[in-house]
Structures are given as structure tokens and as C-alpha cells.
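The following features are taken from TrEMBL:
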- 12-338: domain 'Enoyl reductase (ER)' (DOMAIN)
- Cys38, His63, Glu64: Zn(2+) 1 binding site (BINDING)
- Thr40: active site, charge relay system (ACT_SITE)
- His43: active site, charge relay system (ACT_SITE)
- Cys93, Cys96, Cys99, Cys107: Zn(2+) 2 binding site (BINDING)
- Ile175, Asp195, Arg200, Leu262, Gly263, Ile264, Ile286, Tyr287: NAD(+) binding site (BINDING)
Amino acid sequence: MKSLKKEYAEKGIWLCESEAPTPGHNDILVKIRKTAICGTDMHIFNWDEWAQNTIPVPMIIGHEFVGEVVELGQEVKGYRIGDRVSGEGHITCGHCRNCRAGRRHLCRNSTGVGVNRDGAFAEYLSIPAFNAFKIPDDVSDDIAAIFDPFGNAVHTTLSFDLVGEDVLITGAGPIGIMAVAVAKHAGARHVVITDVNPYRLALAKQMGATSAVNVRENCLTEVMAALGMSEGFDIGLEMSGVPSALQDMLDKMNHGGKIAMLGIPPNDVTIDWTKVIFKGLTIKGIYGREMFETWYKMVSLIQSGLDLSAIITHQFSIDEFQKGFDTMGSGKSGKVLLNWTN
Ligand code: NAD
Ligand code: ZN
């Protein structure tokens, strides 16, 4: 089968011929239709320090996918050949306290599809049936292919009650932009998003942001004044991983505000803790998606009219994978899909 592999411990990704995986007793074999390129895949492509310390070589990369079940391990129940599925890329141990309590997203032993073991950028993927998620007929392949990052957006955005609240999102990457759409759909009042990338800010505006602010050119305080916000944001969603964005967010939160942090900052970020303390802020770290509560909510949001289609800005056939990675690396894209069947 065709596969996109980290073949060598250097910058790049290679289209290779590999053996199709054989599903174990509890696994399903998925024939991949579409995959999407994640920031993680870009780290692996660029072979940065995190990738060098984390990724085994050679390994098939990728974890955002939609496909069709073509084989079932002998113990698998609840799936049929032909079912359309996406799936959770975090494989959990099932034995730790959180797993046993049903809080799988907090498993302390989780491993990553396309990070610690062969991934989805291939014609076939074998994953535990537990990790698969059936896609209803009224959700398109394109949207199902981005359920993994959409799930990051949903998990973060719905962490706190935001109905009628003013929301600040820092970072208009694909996840931040999807968070705009989710927050508006769920009933937030003003949703203000910041970035330094004009292409992405325009996309965030198109997806429903009240205001999309380039923090290199405009002052957030003035934007808040123009919206009649005299006190500050009720909810903050940190989706950039950039220290100055978090510091700015702490400054702009109202007293009693709540912050969900998805963005992964570099080590040793300094913040003004007195803002956290004297404002009585709550800060919650977010990892992955809730298994599988977030997945059910994603389907319900789409079925209740949430339109994410604008976030998918580019599609390439797998033979043009390099164009896909170049486009993602250019910063002038939303989600980039790779098609495996044409
Ligand atoms: P991304 O890198 O595409 O988006 C980050 C955005 O932040 C970019 O558009 C960048 O221009 C913007 N930015 C840069 N400087 C800024 C500033 N000063 N103020 C505001 N924005 C600024 O990433 P993504 O794929 O959308 O993911 C968002 C973040 O979430 C990343 O940090 C990613 O590593 C992290 N992430 C975390 C999890 C998790 O489970 N916790 C999962 C997926 C992604
Ligand atoms: Zn566990």
C-alpha cells in the first residue's frame, strides 16, 4: 500500500510502499479515504526538537482521517464491513484510574496514532475498534476527516458555560477558527479572536467572529471599547501557544473569568500570577478530546446546523502530498486535506 512515512531522521516526508497492517483481535482495518494535515505532522515534517525526541523512524505519520471499515478482528463487535469511520488518535491503556472511571482523555499512559505507532497517512490503518467512531450519513467525508482537530475546538470551547458570555480566542489557527464557529453556534455574545496572520484572521471573520484582531496592528482594548465591553472577557480560549498571547489574555479577562488552555507553549512561560489570584481566574488545561463525549457533541453540532466547510481551504491527491505540506507551512490555509482514493 501507499504510505506517507518519516523514512529518515531529517526534514521531509516520503511516499513509500509498505505492507498493509494486519488487524489484531480487537482492531478494525480502515481503508482510508481522506486525511488532514495537523500541526503535529508539520513538526514531524520539519523534524524539530520535539519530533527528534518523540518520533520513531521509520514510521507512517498522520492521525486525522476518515475511511471505511474493510476488516474486523475476531473479537470486534458493533461494526460492520462498509461502516464509515473516523477515530480517536489517543490510544488509552484501559487500566489506569481515569480509564476505569470513564475519563479516558485523562489516561496517563496514552499513546498516539501517527506519533508513537504507525498512523493514518496510508491506504490502510489498523486501530483498536474502541477508538473508531461511526460517522452518520449526514456528515460529509470532508468534515469527518477533520473530526480530530474539530474535537480539540469543541472540547476547549465547551469546557465552560459560554451562553451569553464574551469570549476571547487567542490564535486563529484551524482550531481557533473552528472554536469561533462553535462558540457562536453555542450562544456566546461577542467572540473576539486574535492572531498576527491576516489570511487566518479573514477566515475567522468569515466563520463568524465578532471581531478578528491583528495584535501587531490593533489594540485589543480599543476593540473591547468599541464593542461596549467595559469589564473584560468572561471566557478565554488560548489556542496559539504563544506566551505574549496568554499574558495579554490574563490582562483582558474580567474578574471571575475562566480560561481553557489548548495551545502548547514553550517551556518556562512567565505570567503575572497576581492577575490570576486577584481576578479569581480559573485556568483549565485541555488535552485531546473527551472519549467519546466530544465526538457525540461534534456530530450534534453539525446536525444542528454548524457549518465548518469554509475551514477546509485546500485538497490534494496523495501524489501531490508535498504541495499539501507546503500549503500548510505557508500559513495561507485553513485545513488541508489529502485524498487517498483519487
Ligand atoms: P496553529 O499553529 O496553526 O495556530 C496557532 C496560531 O497562533 C497561528 O495562526 C499563529 O499565527 C497564531 N499566533 C502567533 N502569534 C500570536 C499572537 N501573538 N497572538 C495570537 N495568535 C498568535 O495551531 P492549531 O493547529 O490551530 O493548534 C492551536 C494550538 O493548540 C497549537 O499550539 C497546538 O500545538 C495546540 N494543540 C494542542 C492540543 C492539545 O491536545 N492540547 C491538540 C492540538 C493542538
Ligand atoms: Zn489509562
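Residue numbers in this text run from 1 along the chain shown.
Note: Cβ is positioned from N, Cα and C throughout, glycine not excepted.
Any TrEMBL annotation is an automated prediction that lacks curation.
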Item to check | Tyr287 (NAD(+) binding site) as reference: those recorded positions from Thr40, His63, Glu64, Cys93, Cys96, Cys99 with C-alpha within 10 Å of it | outcome: none
Next on the checklist: Please check the binding-site residues Cys93, Cys107, Arg200, Leu262, Gly263 against ligand 2 and give me the ones with CB under 6 A, sequence order.
Outcome noted: Cys93, Cys107
Item to check | Listed recorded positions adjacent to ligand 1, that is, members of Thr40, Cys96, Leu262 whose C-beta is under 6 A away | outcome: Leu262
Next on the checklist: So if I draw a 10 Å sphere around the Cβ of His63 (Zn(2+) 1 binding site), how many other Cβ atoms end up inside it?
Outcome noted: 24
Checklist entry - Which one is it: of the recorded positions Thr40, Glu64, Cys99, Cys107, whose Cα lies the shortest distance from the Cα of Arg200 (NAD(+) binding site)? => result Thr40
Checklist entry - About how far apart, in whole Å, are the alpha carbons (Cα) of Thr40 (active site, charge relay system) and Leu262 (NAD(+) binding site)? => result 14
Next on the checklist: According to DSSP, does Asp195 (NAD(+) binding site) sit in a helix, a strand, or coil?
Outcome noted: strand
Item to check | Rounded Cα separation (Å) that holds between Cys93 (Zn(2+) 2 binding site) and Ile175 (NAD(+) binding site) | outcome: 27
Item to check | Residues flanking the Zn(2+) 2 site, with Cβ no more than 8 Å from the Cβ centroid of Cys93, Cys96, Cys99, Cys107 and excluding those residues themselves | outcome: Thr92, Gly94, His95, Arg97, Asn98, Arg100, Arg104, Arg108, Asn109, Ser110
Item to check | For Cys38 (Zn(2+) 1 binding site): intrachain residues, at least 6 apart, with Cβ closer than 8 Å | outcome: Gly62, His63, Glu64, Asp148, Pro149
Checklist entry - Of the recorded positions listed here (His43, Cys96, Cys99, Cys107), which is spatially closest to Ile286 (NAD(+) binding site) when Cα positions are compared? => result Cys107
